[in-house]
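> Copying in the features that TrEMBL gives for the protein in this structure:
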- 1-54: region 'Disordered' (REGION)
- 113-130: transmembrane segment (TRANSMEM)
- 169-191: transmembrane segment (TRANSMEM)
- 236-260: transmembrane segment (TRANSMEM)
- 272-296: transmembrane segment (TRANSMEM)
- 324-346: transmembrane segment (TRANSMEM)
- 353-370: transmembrane segment (TRANSMEM)
- 376-393: transmembrane segment (TRANSMEM)
- 414-433: transmembrane segment (TRANSMEM)
Amino acid sequence: SPIPSSARSRAGEESESAAAMSHRRRPHAAGPPPPPEEGGGDPSPQSPGKAPRIRPWPERRVLALALAFRAVNALLVRTYFNPDEHWQCLEVAHRVAFGYGHLTWEWKRGLRGYLHPLIFAALYKFLAFLHLDTPWFMVMAPRLLQSVFAAFGDLYLYKLSKLIFNEHVAQWTLFSQLVNWFMFFCITRTLSNSLETVLTVAGLYYWFIAIKSSKGISVISKQQASSYQSPHSRKVALLIAALACAIRPTSAITWLYVGLLDFIYIKSKCRFLFLEVIPLGAIVLAATTFLDWWMYGSRVIVPLNFLKFNLFSSGGDYYGTHVFHWYFTQGFPSMIWTFLPLSVFGVIKSREWRLSGLIAWVLGVYSILGHKEFRFVLPVLPLALMFSGYFLAAMSQFKGKNLHGKRHFSRLQLSVILLIITNVPMALYMSLFHQRGTEDVMFYLSKEAHNGRVKGVLFLMPCHSTPYYSTLHSSLPMRFLDCTPSDNKGTLDESDRFLMNPLDFVGEVFGNLSSFSHIVLFESEERHVIQLLLHDSFQEVRRFFHSHFKIDRDLQSSVVVYSRRDVL
């Protein structure tokens, strides 16, 4: 269809700047070509010597597959991973939606923003409106909503791989994303890192659309290349990047690398900076700041407080530190697992240094911080899996035959089998069994409370070991062992004091336990206080399997629930 002259001029301007911004790509960096078949001949569509074509997958079909897969994924995740999934998101959302819920010390110091929890507060309100705020829906609905976000993350990773490489690589990248154990284990959880990962992949897709010229995309036709040249793509990418930083300020580490790398090649730097980056960033920052002012009831600047505490004062070190090289030698290799060698070979073979450099940059910057967690580097895991997809696509061009001309398992088939048998069982075990007791016990208590059989609960276990009001969904008195960081270094919190001497601590702090109807504790501490529980007329009512392996100091093999006899 005809293009107006103004649009042509804008597209020309965009193409000129894009050509300056984009690095010159080697011819083979666009992805491995389809394998030629034996016999040669004219490569016409009807010729048997024609290289096999990869049938493109419609994006609607990819999204439908991802939605179905992630929904099942969310339903299968029944274990406890990180306290922030509940205490920094769902607990806050429950308080906003229903008026009760515990706010941890971070919220009292203005270190957390309300944008992410409000998404799930709206979900809770919707469930209450439909009278579906029952125990099962309160547990599963948030993860099902996150599964929708995760599915769009899968779709955008597929589109990003197709844009940078080709359709064949995109299909193998999607395979890698869906099979990887840690993505299955983590991406449907209501962690801010999970949503940050989705936004990072989507933002990178729109950013790469903006910087790719028709010469930079050698795997598609010129007509297709012109369709990628959206004058608004860079603005969309910047908006998504700003939202990612609003949800998790440390996302700025990713976008600082992406922005600075291309800022060097932009001709109109002032226009880019003052008409795009600053206005969009200021709008998102102003909107989220006013939202936080309204919810906090005071003037706080969350990103500043967050960065001050975590980066400049090393406040996160209170929760433990790791050696500098932990992400490179233990953390990230555990996440990517058996995809690691394929990803390394994919980086070398593709020579796509921009994205591989981004992975190294993020791992390197986070390595400077003392406190390290797997989830912090989750946003670059899909990028590493994209390189695995590249190498799997490259392997598919080789067809092995033995000396007698009979086919045997190719390297690709062996690799796929190895990836499946090393990732799927691990994903299922970690999602269905490891640390499931603390989730099961709260689901049990929520059903008991729903039926009026719970009057108050005491958790004699390390702080934040279980979900809280967001799962119980009853306004009953509950008490857990506090672990708020003290300004005086060396001061022990309640969790530490309890683990050092459980019996003396309970007698000193709680005295008579009759004000609680239920007490929850790990089996490893049960033996220390069982005589006190029996003396105060408590008896065991349920025991839930928790773990086969050590998690903290001792083997927390099960979670035990005691109840007062008069309540029973």
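Cβ coordinates are placed from backbone N, Cα and C, and glycine is handled just like the others.
Because TrEMBL annotations are produced automatically, they should be read as predictions rather than curated entries.
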> Can you say which of 236-260, 272-296, 324-346, 353-370, 376-393 has the most Cβ pairs under 8 Å with the transmembrane segment (169-191)?
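Counting Cβ pairs under 8 Å, the winner is 376-393.
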> At a C-beta cut-off of under 8 Å, are there same-chain residues at least 6 beyond the transmembrane segment (324-346) that contact it? List them, or none.
176, 180-182, 363, 366-368, 372-374, 377-378, 381, 384-392, 394, 415, 418-419, 422-423, 426
> Counting Cβ pairs closer than 8 Å, which of 272-296, 353-370, 414-433 has the most of them with the transmembrane segment (113-130)?
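By Cβ pairs under 8 Å, 272-296 leads among 272-296, 353-370, 414-433.
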> Do any residues, 6 or more residues outside the transmembrane segment (353-370), come within under 8 Å Cβ-to-Cβ of it, and if so which ones?
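The answer is 23, 164, 204, 253-254, 257-258, 261, 310-311, 314, 316-317, 321-322, 324-328, 332, 347, 376-377, 379-380, 383-384, 386-387.
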